[in-house]
Structure formats: structure tokens, C-alpha cells
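Scroll down for the structure; my scribbles are underneath it.
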Amino acid sequence: MRIPTICFLFLLISLSKSLHIGSCLGLICGRNGHCHAGPVNGTQTSYWCRCDEGFGGEYCEQQCDVSKCGADEKCVFDKDYRMETCVCKDCDINGNSLLKPSCPSGYGGDDCKTQGWCYPSVCMNGGQCIGAGNRAKCACPDGFKGERCELDVNECEENKNACGNRSTCMNTLGTYICVCPQGFLPPDCLKPGNTSTVEFKQPVCFLEISADHPDGRSMYCQNGGFCDKASSKCQCPPGYHGSTCELLEKEDSCASNPCSHGVCISFSGGFQCICDDGYSGSYCQEGKDNCVNNKCEAGSKCINGVNSYFCDCPPERTGPYCEKMDCSAIPDICNHGTCIDSPLSEKAFECQCEPGYEGILCEQDKNECLSENMCLNNGTCVNLPGSFRCDCARGFGGKWCDEPLNMCQDFHCENDGTCMHTSDHSPVCQCKNGFIGKRCEKECPIGFGGVRCDLRLEIGICSRQGGKCFNGGKCLSGFCVCPPDFTGNQCEVNRKNGKSSLSENLCLSDPCMNNATCIDVDAHIGYACICKQGFEGDICERHKDLCLENPCSNGGVCHQHRESFSCDCPPGFYGNGCEQEKMFRCLKSTCQNGGVCINEEEKGRKCECSYGFSGARCEEKINLTGFTEKDSLLRSVCEKRKCSERANDGNCDADCNYAACKFDGGDCSGKREPFSKCRYGNMCADFFANGVCNQACNNEECLYDGMDCLPAVVRCPVKIREHCASRFANGICDPECNTNGCGFDGGDCDNETNATIITNIRITVQMDPKEFQVTGGQSLMEISSALRVTVRIQRDEEGPLVFQWNGESEMDRVKMNERQLTEQHVLSTSISRKIKRSATNIGVVVYLEVQENCDTGKCLYKDAQSVVDSISARLAKKGIDSFGIPISEALVAEPRKSGNNTGFLSWNALLLIGAGCLIVMVVLMLGALPGNRTRKRRMINASVWMPPMENEEKNRKNHQSITSSQHSLLEASYDGYIKRQRNELQHYSLYPNPQGYGNGNDFLGDFNHTNLQIPTEPEPESPIKLHTEAAGSYAITEPITRESVNIIDPRHNRTVLHWIASNSSAEKSEDLIVHEAKECIAAGADVNAMDCDENTPLMLAVLARRRRLVAYLMKAGADPTIYNKSERSALHQAAANRDFGMMVYMLNSTKLKGDIEELDRNGMTALMIVAHNEGRDQVASAKLLVEKGAKVDYDGAARKDSEKYKGRTALHYAAQVSNMPIVKYLVGEKGSNKDKQDEDGKTPIMLAAQEGRIEVVMYLIQQGASVEAVDATDHTARQLAQANNHHNIVDIFDRCRPEREYSMDLHIQHTHQPQPSRKVTRAPKKQTSRSKKESASNSRDSTHLTPPPSDGSTSTPSPQHFMNTTHTTPTSLNYLSPEYQTEAGSSEAFQPQCGAFGNGEMWYTRASTSYTQMQNEPMTRYSEPAHYF
């Protein structure tokens, strides 16, 4: 019975389909077309032919002429099947490529970067994967359901009224049909007839994903359109268009642009014009643009009107054209004066200045130093508020620098040198020929003399017939003896001002060879030669092998020529260094070997090559045959070694560490498959970081071939370093300084960098937590070096994100030395000592952040996953210990918000609970004492901290904010009161109830107290609608009343004004935000209310960079000196934002000027924050702060007794991060103390050496910074660089040791007689711990380095003072000042006293207090010990 019924049903459906197409039965679309029912016109159904590709015409009777197209093209008709055109073979009729990226499993999107379980094609039946990460899911079209849209929806069961009462509903795949009784017609089955009794419900064609429909909207083809399931698109009948064929071609009423000055909106049957401001009429034809040639001042906005215009002024301006300033709009606009209304003045107000100030806004201090000869004898006049002081030149003292001092009294010249006074009474040593140095303490190599030991004694430099001595110098035995005020081989350099008296005459003598350019550099060397390419040396006398610096990028081959080099660039690249990629047009033959030309908006045009080909135009064939054989062999090796059985066991098996073996199941690659996105994954894994550029692997997916295609960084040449430093960031492009090594001339040649920060990089380290606590952030130095970026440990409100690891999950947080990590900032290259790997599964989990300075906007790393892949690839290639620590896993993960362990209370929690119980017991015992006391206890009204309960601690940490003040009402969950429970407890005080004897009132006095009540967890509340709208992108619609304006949301403790001020949405204009803020303040909003992070609306407005809102809030009484939980004021935050304009405005407030030296939680002033962050306006910001009263060398001394005091100045922070413009401003322009020690005894050059800041180290050395000073752990700057594997910086220090001393050491080693030990002079070691008996002032005094400067002054010690001092470990450094340096590597230069073995290990000659052990050793191999701090 069932089989006949089914047969009848299929017969019914087949007949119904035939009847349904109506007049298509008689239409002949030919063999090359398909007939479809078209749009219904009244009761008449039309039809149309859908032609196969290459055919057209009304009945598909015309065939396209292929002969008109190229070999790689095909001939097609347009969408109306009328016009012929040629497109590429893999393109649609509009010329758009049909090729889609073949994304790997788990990734999707146009660029295969979106990660989710349902990508790329898990969803079935037209479903689409949406979302990312844990939120990824399949969005199903109507008619399907299930996790993968694999289930058909039975519409007949879910909707009983799917068909009418007289018809029968029958379910089909994705849709359903309605069957009428025999003899009646659909849709209502009331009309009799003999045609089809079946109504087919059209299935969904495609799913539309948009901003308005993020979960998808089912789209159906209209007007007879045909759904092409292969492309999920509607093919429309002729005359119709649109994604669902919903539009008639003739219905586009806006096609003729009928609106003259407005926007045309088309609708069925007509259109409407939305006119621009100032225009009206049906077609916006009436009116004109009155804003043409308007007079509105810059910064204002012209608003067009019907007959005129008006100017919308910013808050600080007024007048018809915003040409006048409104002092009432900005508090304290008259900085040191009183604002007086003056309607007749040009500004509409006048400032009456206080004594000692001047300027339009009383912003300028009267500079007494403008008077001539205020300070005598080259003294420097320093202007002070209302006064001045004289900083005297060396050799003079007194208030006016008019008292000469005898500087030779304590100034001893060695080797028979004579001390003489210059005209400014500075002591100088006139050395005998053959000796140099500040005190003639260094002897030139045998046979050489002159001020740089660069003149041969047998030749000399002066004679009666030859060279002469200038400036009164006398020629004696071929050499010039100079008067005290001059130095140089020919007395050509003036000691006093550092200028050559001959100036241009020096270069007119043409001292430079090989067409080099001669320039005047500074006082030390007088002139310098800028060499042409291919030459080097002091006077460019030597040929240089330029190819040793690897200047060719992208696999270019370097060729050395006599005076230059050239690069043979691979196809697709050009430029002197093959650094530029050729641009091309997408033509027929652009891409070879089957490649397809794709035009991408962001990346430009490129060829997407067929498999097996690479190159810019797919011209290179990849040798896949050879590698396929190798890969096949490796796969068989993996099978023979049973790698699959040993995979994923937690141990890296080196014999299975191949891409073909999946890197031992991830055991050797941090549990990742780093080359999973790479098209040639196994091949590129083999080529990774092998030193040879492979273009097929030089892309983001293949991790840029391990950076093999990047050029080497060339150092700034020694002889032009000072030249480039003096011209750094001066606004003029100096091409010779426009290199990476020279800092790109400070951006003067438009070479700028943008910093990006990537977070949530999680690594698991097989190391005991105790050992990781000791090593701290230094364990990550090698990662920074290998990835070519800055790597830091990520942190939250509780500190560094480092957790214990039990082999399966994260446990307790590891307490790190936050101060040490903060000081490091940039974690450097490697750990030199062997790391002991944990024998068990115990380890640590560390969350990292990466900061990359992207050249010209091109970053190596797009997201955290790309960083993780690079780490994993290096682990697989170099070993899991390749970063100095054993990394067993690397992945992208968000830090957990709870810091407690998962199975038991931590010892810290137990101790806290125990301490709390002890406090309770003590107080209870006190309350039980006899009540015969007559004196009342003094009660202090202070909050008492209570150790949190276990559940409370979990709740608090689960709901805390990781980033302070960055809250949102648009989060997925909204929890009312849980977040701030600990802070709520701080408002309670714990007192015992009166017990035993005595009067409770006597015990408590008259104090009104509240017994401790631990708040219970309330039910979650819904977000406040007014707050949600304030935080959104559109205008507030909820009424702002006196009652609603100060309602506080329980989660973030914010009012509506907080949410308005923190709104940084680009879609919400600042005009609207200011307007809403005005409404709130008019309704009685508290402008100084603080949220849970103690941020006021003003602070949030500064964070959001809303300058106009900040101006209005301050006018309304907002206090800029309120500090948040990070102990930052609005000025601190403006400095952290690098917002120069906001800082200018903030410093107009006299309130903030008094707090300009205040420290934030990190112990930094606003000037220190500016110095610590690079940026375009940072020097201008620093100058502004100094002009407003910030002290250059302020170290936070006012807060010496607080934990945040570090004793550092702005120069420390600038040197630590290599902020060279700030370093040069502080040292070069403001004379900042170069040798100031912080609390750990570190000077700026020590921090720079420790962090690998080579440019800072060179500059500070040139400026005379001490290199022999030691920190609190008795380490010099060289030792800090050595311990952190910054060998290039160690090399800089070692270059300063002359060949003479090296030869003497070798001579001593060959001598068999014991020598007397050398005297060791060391700067005193600063105490690392303080005695309780010491006063705070003694322990935290800011001190200069000792011994004192050689010249007797209190400024920076002279480096020459330390030239004969040594250290016990390692070998002492001997420093030559820039005045006497010679180019390293030249035939006449001093050679470093160090070398390198083949394995990179350094050797040194020992400089010990005893040479007895070395008598029989011609050379001692010496490995420098590692140091950890």
C-alpha cells in the first residue's frame, strides 16, 4: 500500500512541475539555454531563457566569437545576453575573479585570518560560518537547522498554518509544498481549474550577512530570478538587477542625478532629494553655497545657511568669525595674571600680568638674561621666575662669575706635561709630543705623535716650507706647540667654543680623498670627511667592501665595484637594494604560468600563482620534484621510527622533529603547527631561517622565510655620528644621515615609524617557578632578539601575568619583582647560563606582549597568532631551548581573570585569613578586660582592611577589570555589584561588641560605628538605559533629569557623565557629546564624581582625547588635580597619550603647574612619561613641560620615603628606550646630568647598555658620560651589556682600549718575572640594603659618581679620569674620548684588545692584580661570567 502511494506522489510532483512552467513548454531555448518562468504581469506569467556561458540572444541562439579574445581569455555575453566581452578564464561576466582563497581548516574570511571551528566550509546547505574564536557558529538559512545546518526543518510540523485550511502541507528539503484537492487551484484552493494543484514554496537562495543582520537573513530570488546554488547568487531575467532581482533597470530614478545640491533617494515610482545646508526646492536647485571664501578662523566650522553662513566656534573662541578668544571659556587663560573683559579689544579681553611676567596671556617670564654681560667670563645665565642665576664656566665663581679660580692647584699633568690656564681659567695639560690624554697619561704607539697619535714622528706636520701652525702656535721639531686656548695638530681648534679658527679654510685645504665631502663637525675633530660609496677611513683613503653589509633585500645578489656596489634584483623587485616591489597593470599576459592577476585595495595588484610557481609574475618554477622526494622520504622515516606513537607525549624527540612528522606531534614546536597556513608548508619549514632568501616562502603565511629576505642593519659610520647627531630632527633632510643606523635623520626625510602592541601571547616554560622568580623578565631576552621586536611580560591590575603550571592547568600567580620588570621594559637578547629544566610537569605560564615599530606601516606581525607561529617555528628549527628557556607550548589565549588556584587556598590567602582571625581575637580580648578604666581610648576614623573570604576573593578576581578605566556597558554580561566588593569592605570598620565587664559606651566613646556586615551577592541587574545610550554611537533619547543624572551604575560606579566623557566612538561627534555633557551639568551632575578606578569625567575625557569637552568640564569646575588609582592626574594621562595639544591646554591651568613634578604609581612625572615614549611631538612636549617649570634632573626627591621613588630622571627613561630626540634635547640643550645614579646605582648609560641601546651609548660616550662607574651590584656599563649579550655595545667599549696597552699585556705574558700588581681604583659601591639606623635622607640621597671629576667640578666626571683604572672582573675598560678617537679598523687606529673564536666565544687578556699565573701562558682563553640582577 505504501509503494503505490509514493509512486503517485512523485508522479504528481513531476506533472505539477511541468504544468508550473506554463508557456515554457512551447519555448525552444535550444541546447544552450534553459527556460524559466519570469515576473508576473497582472495574471500573465512571462518567461525567459537563461543561456549557458558563451551563448546569448533572446533564445540563446547566438554564440560568442572566441577569436576576438586572447589565449588566457574567454568570450561571454553580458547579463542581458546582448553584448559580447572578453574576460579572464577564471572570471565571471563582469571580470571579477571566481577564485577564492583555499583556507586551511579552522580559518576563513577573505584573507583566511578569521579563526573558528566552522571555517572554511563546515556549514552545510548554504549556511555560513560567522563570528570568531569561541563565538564562531553556523548561521543557517530558512529551512535548515542544526550545529552545521545539516538538519532539514519540517515546516509542516513547526507551522500548522503553513498552508491554507483546504490544502495539504508536504515537507521537502529546505522548503515545502502545498497541494490542493484535485480540481482546485492554489494558493487558497478555492478557484476551480484543471492546471497545477501544487504550490511550490521557493527555497532560500543565499544567506546575507550584514551589520543590520549579523546572524544572517535568508534571501529569495524575485521576479523569476534563477538561483545558482554553485555561486549562491540570483541570475536575473533581462531588465532586472539587484542581489535578489528586486529592481527594474528603468526604476533607478536617481540614475540621472536629478538633485543639484543634495542626495537622491530612489524608491518605487519616484525619488526624493535630501538637500545640503543652504539649499531647497524639489531638486535642491534653490540657494547657493555661502561657505565659499568664508572668513571663519582655522579650527572653526562653517555652517551654510539660506542667505548667509555662520561660524561654529570651538569653546575657546568667540566672535562672528571665531576670531576672538573667550577667556571665560577656559579657566586661568591668563597664566600669571587676571582676565579683564575688554569688548573693544581685538581679543575681547585683556590680561593684566603679575610682576615678573609678560606676554598676551602672561605666559612668559621676563627674561633678565636678555641683558648683555649679565654673567661674566662665559658664564651661563639661567632665567628664574622673577630672578636669575649664573652657572659659571670652569675656572670662575661668584654671583656674576667674576672671581677667577686657580684650577691648576689640584690638577696634575703626567709624563712631564705642563698645566696651563686658558683664557677662561680652565686647566689644560700641554703634553710632550708622544703623549695624549686629559692629563697626558696615555702614550702613543712607538713612532707616532700628534693629538690623535695619527702623525708619524719622522714626518711631522709643520715646517718652514710646508704646513704651518695657526693661532699663535709654534713649530718645534716638526710639531706644533699650541697656546692654552687652542689644540689640534695645527692649533686649529679653539678649546673655548669648540670651533675651528680657520673654519672653511680647513676644508679649503682639501684634506679628504676620493671626492669625499668635507664638513665642519665639532670642537673635537674640527672636520670630518663624508665618504662616497665604496670608501672609508678618516679621510676616505681606503676602499670598502660594501657587500659585507648585505645591502640587497629580497634575495638580491650584491656585486662590489671600485667605488660602489650594485644589486642584481630578482624579478619583481627594483631599487638600489632591491627593496621596492614593481607595480604593474592587470593585463592579459601579466601573470605567467596560469597565474591570476588580483587587484587588492590595500596591497595593490598582485599575481596569485598556480601551484608550483612563484615570483612577482609567477615566472619562477619551484623545484617541487626534489623536495617532494625528500618529503616522501621523511614521511617514511617517521613511520619507521614510529613517531606517531611517540608524538604529543610532552618530550621533543629530535629524530621526529620534521614537518613531515608534524614536529613530533607539536612536542618540538610549542604544541603548534606553525606552517599550517603556508602553501608549501613542509618545504618552507625546511628552508626556514637558513640564511638564503626563498621568495616562495617570503610571505606572512610562511613566516617571511625566517627573515632571510631582510637586509642587515648597517651601523652609522663613526666619523659622521656626531655630525648626524647635531642635525638630528632639525627639520632638514640630510641624505647621508638617512639610514637605519643613523636613526633616519630623526624623521627629517619622512621616515617615520608606528608602534603596534600585540597581547595575549601565552607560553609555557618547563622551569621551576622559584627559578623563574630569580631570573624574572631576563628569561625572555632572547625572544626579543630573535623576533626583532620588543617583548615584555603582560600585566594586569595585580601585577605580571605569570602563573604556576601543574602540567594541565594554571595555578597560583607567581609573585614577580615588578620594579625590576618595569625598569627593564625592553627585555633583551639571551640568558647565558644553562637553565635547569624541571624534571616534572611543574613550570610556569607567562603571558607576553609584543611591541613592533613598523617601518612605513608594514609590520612583520599582524596579530598574536603570527607571533606564536614564529615562536613555534623557531622552536622546531632551533630547539625548545633556543630562546634560552625551555618553552613547551605557545598559543594565543586571553589571561584568566582569576588569580586564585583551582583546587585549594594559596598560602598567601591562608596567611591573610589567619592574620584576620588573630586581629579579631586580640580585639575581643581587649574588649573583655575589666571596665574600671577611666580614660577613653582614642578611636581613629580609618578604614580597616579585612582579609577577603574565599568566595569573595574568587568573585572579586573573576570580575575585575584588567585595564583600568576601560569599561563598557556593551559587554556580553552585566553584573551589578560583584566587582568592587573588596572596596566596599574598606568602608566598614571592625570593632568588638561590648562584652564582659565595663561599659560599651566607655570603650567606644561617642564614635558612631557600623558593625561589619559582609555584603551578600545581589541579583544581577540590567544595564541602565541612560548609561547605555551615553556610551553608544547615537544621541541620548532618555530624559536627563536631576534624579537620573547622578544615578550610579553598581558595577563601575559611574554616572551618565562618566559614560559621555569616556565615549570615544568616531560615529558620535564631539559637538553632540559636549551638548549632552552640558545637559547633564545643567541638571546637577557632579563633575568631580569618581568611578571605581577613581577616574573623574575630566580624566575620561582626556583619555578619549575630547579637547572641547575637557575645556567645558574645566569651565564647569572640574578639578584637574584629582588623581586616579594609578596615581595619575589629567596631565600624566595627556603625557601618556602623547597628546601635545591637550598638554598645552592643561598647562594653562595654574592648578596643574603646582603638581608638575608629582609622581604616578610607577614613580614617573609627566616629563619622565614623555621621555619614556617616542613620538613626533615628544620633544615639543618636553620643552613645554620644562618651560612651565619641570626640572630636567628632578628624580622624585620629594617622595624619597615612598616605594615609588626610584631616583631616576627623565634622561634615565629616555636612554632606556632609546628615545634619541629626547636624549639629545636633555643632554645637548638642557645639560642634564649624564652620570646621575638611580636607587640601584645605575646611570643612564648603564640602562642603555643593559637594554642594547647602541645609539644612546655612543652618544653619551661622545658627550663624556662615565664608562667606569659601577652600580649597586658592582657592575659597569660594559658588564651589563656583556651579561645581556649585547656584544655590539661591548665592542664599542673595547674599541677604546689602545693597541699599546694590548701589546704591553702580551709582553707581560711572555715575561717570566713576576710583576707588581696594579693599583685598582673603583667607584664606591652603593649599598643595596638600608640599615634601620640610617635616616631616610642618607639612604636615598641623589649622588654623583665617585671619584669626583678630574677637573674638580661638580658636573659630569671626565671619562679620561678612569683611563688607568681597572676592575677585578671583568677586564677593565680604557676609554678614549671622541677628541682622540681614530676610526677602528684603519691601519693607524688602535685595535680592540679582544677577538672572537669561531664559535663566537670572546677571549680577553687578563688584567689581574697578579700576573704570576700567566707567566707560562702565551694567551689565556677567558670566558666572561654571566651576571644576573
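Cβ from N, Cα, C; glycine included.
Around Cys123 (disulfide bond), the same-chain residues six or more apart in sequence whose CB sits under 8 Å from its CB are Cys129, Cys138, Ala139, Cys140, Arg148, Cys149, listed in sequence order. The disulfide bond annotation in Swiss-Prot covers Cys123-Cys138 (among others), and the record cites similarity to another entry as its basis.
Per Swiss-Prot, the feature disulfide bond maps to Cys259-Cys273 (among others); the stated evidence is similarity to another entry. Secondary structure at Cys259 (disulfide bond), taken from DSSP and collapsed to helix, strand or coil, is coil. Same-chain residues at least 6 positions away in sequence with a Cβ under 8 Å from that of Cys259 (disulfide bond) are, in sequence order, Cys273, Ile274, Cys275, Tyr283, Cys284.
In three-state terms derived from DSSP, Cys334 (disulfide bond) belongs to neither a helical nor a strand segment and is classed as coil. Under the heading disulfide bond, Swiss-Prot lists Cys334-Cys351 (among others), citing similarity to another entry as support.
Taken from Swiss-Prot, the feature disulfide bond applies to Cys408-Cys419 (among others). Long-range neighbours of Cys419 (disulfide bond) (same chain, six or more residues apart, CB within less than 8 Å of its CB): Cys408, Phe411, His412, Cys413, Pro427, Val428, Cys429, Gln430.
For Cys462-Cys475 (among others), the entry in Swiss-Prot reads disulfide bond. The DSSP secondary structure for Cys462 (disulfide bond) is coil. Counted within 10 Å of its Cβ, the other Cβ atoms near Cys462 (disulfide bond) come to 21, all protein chains included.
What Swiss-Prot lists as disulfide bond is Cys507-Cys518 (among others). Secondary structure at Cys518 (disulfide bond), taken from DSSP and collapsed to helix, strand or coil, is strand.
Taken from Swiss-Prot, the feature disulfide bond applies to Cys547-Cys558 (among others), supported by similarity to another entry. With a 10 A radius on its CB, Cys547 (disulfide bond) counts 16 other CB atoms from all the protein chains. DSSP assigns Cys547 (disulfide bond) to a helical segment in the three-state reduction.
Annotation source Swiss-Prot lists disulfide bond at Cys552-Cys567 (among others), citing similarity to another entry. Under a cutoff of 8 A between CB atoms, and with a sequence separation of 6+ in the same chain, the neighbours of Cys567 (disulfide bond) are Pro551, Cys552, Gly556, Val557, Cys558, His559, Gly575, Asn576, Gly577, Cys578.
All protein chains shown were included, and the count of other CB atoms within 10 Å of the CB of Cys569 (disulfide bond) stands at 21. Reduced to three states, the DSSP call for Cys569 (disulfide bond) is coil. Here Swiss-Prot flags Cys569-Cys578 (among others) as disulfide bond, drawing on similarity to another entry.
The disulfide bond annotation in Swiss-Prot covers Cys638-Cys661 (among others). According to DSSP, Cys638 (disulfide bond) sits within a helical segment.
Per Swiss-Prot, the feature disulfide bond maps to Cys643-Cys656 (among others). Taking a C-beta cut-off of under 8 angstroms and a sequence separation of 6 or more, Cys656 (disulfide bond) has the following same-chain neighbours: Cys638, Arg641, Cys643, Arg646, Ala647, Phe663, Asp664, Gly665, Cys668.
In the shown protein chains, 25 other C-beta atoms lie within 10 A of the C-beta of Cys684 (disulfide bond). Cys684 (disulfide bond) carries a helical DSSP state (H, G or I). Annotation source Swiss-Prot lists disulfide bond at Cys684-Cys697 (among others), citing similarity to another entry.
The annotation domain 'EGF-like 3' is assigned in Swiss-Prot to 152-190 on the grounds of sequence analysis.
Annotation source Swiss-Prot lists domain 'EGF-like 8' at 365-402, citing sequence analysis.
Under the heading domain 'EGF-like 13', Swiss-Prot lists 582-619, citing sequence analysis as support. Per-residue pLDDT, averaged along the domain 'EGF-like 13' (582-619), amounts to 77 for this model.
The signal peptide annotation in Swiss-Prot covers 1-15 and is backed by sequence analysis.
Residue with the densest Cβ environment among the disulfide-bonded residues Cys558, Cys578: Cys578, by other Cβ atoms within 10 Å.
Secondary structure of the domain 'EGF-like 8' (365-402) per DSSP, as helix, strand and coil residue counts: 3 helix, 13 strand, 22 coil. If you compare Cα positions, Cys684 (disulfide bond) sits closest to Cys569 out of the disulfide-bonded residues Cys462, Cys475, Cys518, Cys547, Cys569. Using a 10 Å Cβ-Cβ cutoff, Cys638 (disulfide bond) registers 19 neighbours. In the three-state DSSP classification, Cys408 (disulfide bond) falls within coil. Look at Cys578 (disulfide bond): DSSP puts it in coil.
Of the recorded residues, Cys475 (disulfide bond) and Cys518 (disulfide bond) place their C-alpha atoms 26 Å from one another.
If you compare Cα positions, Cys697 (disulfide bond) sits closest to Cys569 out of the disulfide-bonded residues Cys334, Cys351, Cys518, Cys569, Cys661.
In three-state terms derived from DSSP, Cys123 (disulfide bond) belongs to neither a helical nor a strand segment and is classed as coil.
According to its DSSP assignment, Cys661 (disulfide bond) is helical. Broken down with DSSP, the domain 'EGF-like 3' (152-190) shows 4 helix, 13 strand, 22 coil. The Cβ of Cys138 (disulfide bond) has 25 other Cβ atoms within 10 Å, all protein chains considered.
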